[in-house]
Amino acid sequence: MGLSNVQLWTILLWALAWVQSTRSACPSCGAPTLTPQGERALVLELAKQQILEGLHLTSRPRITRPLPQAALTRALRRLQPRSMVPGNREKVISFATSIDKSTSTYRSVLTFQLSPLWSHHLYHARLWLHVPPSFPATLYLRIFGCGTTRCRGSRTFLAEHQTTSSGWHALTLPSSGLRSEESGVTKLQLEFRPLDLNSTTARLPRLLLDTAGQQRPFLELKIRANEPGAGRARRRTPTCESETPLCCRRDHYVDFQELGWRDWILQPEGYQLNYCSGQCPPHLAGSPGIAASFHSAVFSLLKANNPWPAGSSCCVPTARRPLSLLYLDHNGNVVKTDVPDMVVEACGCS
């Protein structure tokens, strides 16, 4: 679910007020902290605007007469460039092997057996859960990553979701929160409660999830092999971790299905909407950088509304690459285009 214009501008104005109160020398050096779901909603809204701007569209095409499947397949075969066929990319489906319900009546721990991905980069993760018809129509779900064997110690909030119907539901998880133990075991904790005022937890069935039947929870993971030299690139521009204060690249994978745009964007399935953030100490100032583009629209807006000291060093993109898209235009034509400078690959201090 995306943000409305009012919600988006509310977040931007709140961020502006935060920066003005702190008088930071650079808008990308320390942004106000958003909740994971708030940051995700903002990223999805920015992705919509970035795609529309890159395609010079004011609104998404409305597909009233879908192309016949045979004609669409033939067009895709002719137009799809080799570069759009992801090389060394894999999709992994991992089913929960056990569910521990001993921690609480309405709290469950899901265990997944994942092989350590030392030679691969995890760039997209979704948790699929099945809500049975015996539960209220509206449930509030929260997912946590566990830091200990039975989730009794520290845990990290990953996602929240509100159901409005029974059946399958997909929760997008931050890939950084799915760190497995050396044994490959990953544990996620699920909490749930009803949002219907006429429902009470006392009347809720205890078993929300089941690993024995046809509705087993599962993780959908998208990974790609690390390219030669990727380690050196990561040392120059590390991917942002929660404890990283310095200039780094913050990675977000946007699935067009999550945007509700798979009816008109044919290829690829999604793309990396990355941006740069972090501090630039004096000894890092002057590293090669290029002007930020729409990907850092938040920072650009803040900077335009606040006079920053001359000579201040900011964390900005230093390398970007185009994004190849196959899409249906307003007339139902299949169009192939390369949108320049869409994906940030490296960051540095200006």
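Using the three backbone atoms N, Cα and C, a Cβ is placed for every residue, glycine included.
If you look up Swiss-Prot, you'll see 1-21 marked as signal peptide, on the strength of sequence analysis.
Look at Swiss-Prot and you will find Asn198 tagged as N-linked glycosylation site, backed by sequence analysis.
Positions annotated as disulfide bond by Swiss-Prot: Cys240-Cys248 (among others). There are 19 other CB atoms within 10 A of the CB of Cys248 (disulfide bond), with all protein chains counted. Taken residue by residue with DSSP, Cys248 (disulfide bond) is part of a strand.
The annotation disulfide bond is assigned in Swiss-Prot to Cys247-Cys315 (among others) on the grounds of similarity to another entry.
What Swiss-Prot records for Cys276-Cys347 (among others) is disulfide bond, and it gives similarity to another entry as the kind of evidence. When other Cβ atoms within 10 Å of the Cβ of Cys347 (disulfide bond) are tallied across all protein chains shown, the result is 30.
Residues or ranges marked as disulfide bond by Swiss-Prot: Cys280-Cys349 (among others).
In the structure shown, the C-beta of Cys315 has more C-beta neighbours within 10 angstroms than that of any other entry among the disulfide-bonded residues Cys276, Cys280, Cys315, Cys349. Between the C-alpha atoms of Cys280 (disulfide bond) and Cys247 (disulfide bond), the distance comes to 6 Å. When secondary structure is read from DSSP and collapsed to three states, Cys280 (disulfide bond) falls in the coil class.
Geometry remark: Cys276 (disulfide bond) versus Cys248 (disulfide bond), CA distance 6 Å.
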